[in-house]
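What TrEMBL records for this protein:
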- C:20-49: transmembrane segment (TRANSMEM)
- C:61-83: transmembrane segment (TRANSMEM)
- C:89-109: transmembrane segment (TRANSMEM)
- C:121-143: transmembrane segment (TRANSMEM)
- C:149-170: transmembrane segment (TRANSMEM)
- C:177-195: transmembrane segment (TRANSMEM)
- C:228-245: transmembrane segment (TRANSMEM)
- C:279-298: transmembrane segment (TRANSMEM)
- C:314-340: transmembrane segment (TRANSMEM)
- C:376-396: transmembrane segment (TRANSMEM)
Amino acid sequence: MALLEVKGLTKTFGGLVAVNNIDFEMEDKQIVSVIGPNGAGKTTFFNVISGYYPDHEGTITFDGNNLKDLTPERVASYRMARTFQNIKLFPNMLTVENILVGMHLHLNSNIFDIVCNRRRKIKEEAEAYERALELLKYVGLEGKDNELAKNLPYGEQRLLEIARALAIKPKLLLLDEPAAGLNPKETEAMKNFIIKIRDELGHSILLIEHDMKLVMGLSDKITVINYGVKIAEGTPLEVKHNPEVIKAYLGEDTATEEVA
Amino acid sequence: MEQMTGMIPQLLIDGLTLGFVYAIVALGYTMVYGILEFINFAHSEIFMVGAFAGTEVLLFMQSAGYLGSLPAPVALLIAIIIAMIFSGTVGVVVERVAYKPVRTAPKLVAFISAIGVSFFLQDAVRLVEGLWKNAFYLSTPTLFTASIHITGGLRIPVKVLYIMVIAIVIMFSLNLFINRHKLGKAMRAVAQDRNTASLMAIDVNAIISLTFLIGAALGGAAGTLFAVQYSLIHPYVGFIIGMKAFTAAVFGGIGSIPGAMLGGILLGLLEVFGAGFLGILTNGVFGAEYKDVFAFAILIIILIFKPSGLLGKTVGEKV
Amino acid sequence: MEKLKNLLQVYWEKEILQLAIIFLAPLLLYLFSSSGVAFILFLTSFLVLYLSKRLNTKVKLVIAIVDLMVIMPLVGFANTYYLDVITQIGIYVVLAIGLNIVVGFTGLLNLGYVGFYAVGAYTYAIFATAQANNFITSSILQFPVSGNWFWMFLVIGMIAAGFVGFLLGLPVLRLRGDYLAIVTLGFAEIIRIVLNNLDKPINFTNGPKGLSPIKPPAFFGIPLNKTIHYYFIVLILLVITVIVVNRLNNSRIGRAWTAIREDELAARTMGIPIVPMKLLAFSIGAAFAGMMGVLFAAKQSFIDPSSFGFMESIGILAMVIMGGMGNIAGAIIGAFAVVVLQLHILKELSNFLRGLTVAGIVSISPQLDPAKYERLVFGLILVLMCIFRPQGFLPAKRTMAYIKKQVNKLKKIEKEEDVSVE
């Protein structure tokens, strides 16, 4: 069974059809990219999947659960994590606290454990702290645990956001333009990092990206959306040579040229 | 039952009068909210300042002997215009001093600042009146004593008619201004999208000040009408009226100008009828003392079930 | 002059001045137990103590305990006035900490906090006066209940106020921040109006006439109605509150609250159920108010609806804002500052001016009595704080100290267990 299965997904804003009847599927342990020109409906697609727009049409099945009409918090509880195009950290919390918030779903101490400071809470908190430090180290932010999230440089904020998403132990990680605003060197590092996350931690990854080089270099499968409609799907090589895709990106006249 | 039907005409008049006052005050809340998405908590005190300004003008005219020689409607008009200028000025100053510096801060901060202004103005007026008149409860001179006899025991005081006419004129001119005048259109543009409006060479700061000016001037007018109608004012009179007017604005759909008018009038009627009938319906167990509960309960219920109000549009959360 | 300034600076850096305040202020208050200046200096010494870098936490704790458990009661023997003032401050500190959970931690503006305080106060007052006989027949229970019940009512008041908070929060916590503020304000007004009018058809609250005499607390039948008794009760409740709220703040729940304040959508994306979490903050905040309401009723022995007006809510809000949102120490300092301002600076100023008038030096209109202009002062404070220092005087500083302590504690426990196994 597919990890994520989307059927006939449609989302309209007033008269505007942002996502139009999209079918989509991805398997476990895959890296899949959604690409498309600006305003094609990629982020809306993401937002629908992560539960922000309950009033959509079509079905979304994730890990055997039907996600229709769910809230973001329920979707997260099925262990789907995401990052945001315009980074959404908790700016006035420490980096390590940001990650601890991401672990919320895995911490079970109830209010009595907390008020009475019971042993299982102490243990849980201590372990969570250790793991948060490990996660920081894993994304390359070792030693930055005592800094406020807002004081990190831009690139490190992106990494922290990914670390926070990883704290959910996601079955599926959604990355919304992880390379936006990064220079070519950083983008290359991000690419390797995403592959590392899949290979070492075994998370499945779905990403939206503009940077073709990044997408072509790491995806198992690419889905192309334009004007809210899926226009192509396949391996990087197939998509690269698909005339529809070339047309969407470069316009009618240059349909013979290649994308990347 | 008969007792109730007999009360209806009187309650209708009272309810409409109150409703018009609410409606004009509600306009101030709704205009500012429409532009800044900010509840101007101090608007109730702008209203109160207007009530004092209007009353002081009337008192001055009385002591100077003009009140007898001028026709009463003219005196009222003069009082209203001066009160509008005074309140409008206070409104703009408040915006510049207490709101503009916190415009980019979290909403909570601006709101708390507004609460601060509200308290400050209450006691500031008390202080000024206390030093000047040695008392801070003022009774407004009586302008109109006549009333028109209709049928049976029903009489409509002339005062009420003037108040209603003035209120209607104010609301019509505001509507005309917002929809026809260039500045009114600019205000609507800023309300829609502040950044885009500034790209269209609209001076956003000036438009925001203008909004406060108009809203506050309306509050001042309403204050004077209120003082003339109920003839006793004090520095703390704004709080309850303000809460009710805010309820009215939410009721009609906050951000919507016709909504504020409709909401105000409906709330005035609901409150007066509710208070009038509650005692009869419950055999005197619950009476008019619960009329404020009535208004607050309406507010809570609307916010829970239809936060967009009667004429407002639903605003989605931005992701 | 320059030399003196430098000298002061050196002393300040070496913390000689601070240490002098910390150690001398309690002594001064002990010696001059009726001096307002000594009292304010004594309160200031707590702030200095909190900020001191020289002394470690244990020493600070010992000094605070000596100040509060020894010096203050001794001062109270000579002059109960300041003991009473500090008891009132204690009540406000707990209220400010409770409101801080809602406003500071979670970022929900609650303008009707005093409504929950009223719920607690009336819960006790109705049963600890003869009032409850009006609706409970004497064959079941005779009222007033004895003062021994006070302790039970602390919990009942908490539960009652917490439950009311839950009921109010359930529908309204989905609202946006400023709407929520207005609704809570409306709620508190409704409570006040209802208390004012619920003397008919059945006399529950005795309306505007209020309830009295409310039974003082008792310990195994011994009535505790002296200032010193209330002082210790408040102190105990305060310590419990600080511990409980500190633990909550440094837990998954506290982090969830802060996350909601920082970015609601991101918090939801992390799987935090925001409505239940907000409800929890709202109810716990309300519960602390309810608990203090019970104590307030017992201490005053008379309550009426006028003690629970909007101004009171704003006063508590001012404490939270002045001290620093989201910080327990900030709430404490805020409460100190506001009460001192209300009870001392304004009142003393009034007395001073009145004295001048009576002495015929200057003639000042009684309309100008500073004590009557609380709203002006609080309004000004709120506006100035918002413009110049929205984070408060003692802003929350985020550290991982608490969780690190937990780690050490765990290691210690585990080590001990290893030893015992061997």
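Every residue, even glycine, has its Cβ placed from backbone N, Cα and C.
Just so it is clear, the model here is predicted, and its values are computed rather than measured.
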Distant-in-sequence neighbours of the transmembrane segment (C:89-109), which means Cβ under 8 A and at least six residues beyond its ends = 43, 117, 173, 177-178, 180-181, 184, 231, 234-235, 237-238, 241-242, 245, 248-249, 254, 257-258, 260-262, 277-278, 281-282, 284-289, 291-292, 295-296, 299, 315-317, 319-320, 323-328, 330-332, 334-336, 338-339, 396
Ask   = How about the transmembrane segment (C:121-143) and the transmembrane segment (C:61-83): do they have 3 or more C-beta pairs under 8 A, pairs 6 or more apart in sequence?
value = no
Message = Applying the under-8 angstroms CB criterion, which one of C:61-83, C:149-170, C:177-195, C:228-245, C:314-340 scores highest with the transmembrane segment (C:279-298)?
response = C:149-170
Inquiry  = If contact means at least 3 Cβ pairs within less than 8 Å, sequence distance 6 or more, would you call the transmembrane segment (C:61-83) and the transmembrane segment (C:228-245) in contact?
reply    = yes
Note = Residues outside the transmembrane segment (C:20-49) whose C-beta sits under 8 Å from one of its C-beta atoms, at least 6 past its ends, are 55, 60, 63-64, 66-67, 71, 74-75, 78-79, 81-82, 85, 89, 332-333, 336, 340, 344, 348
Request  = Tally Cβ pairs under 8 Å between the transmembrane segment (C:314-340) and each listed stretch (C:177-195, C:228-245, C:376-396), then give the stretch with the top tally.
outcome  = C:376-396
Remark   = Same-chain residues at least 6 beyond the ends of the transmembrane segment (C:177-195) with a Cβ under 8 Å from one of its Cβ atoms are 107-115, 118-119, 122, 168, 205, 207, 305, 308-310, 313
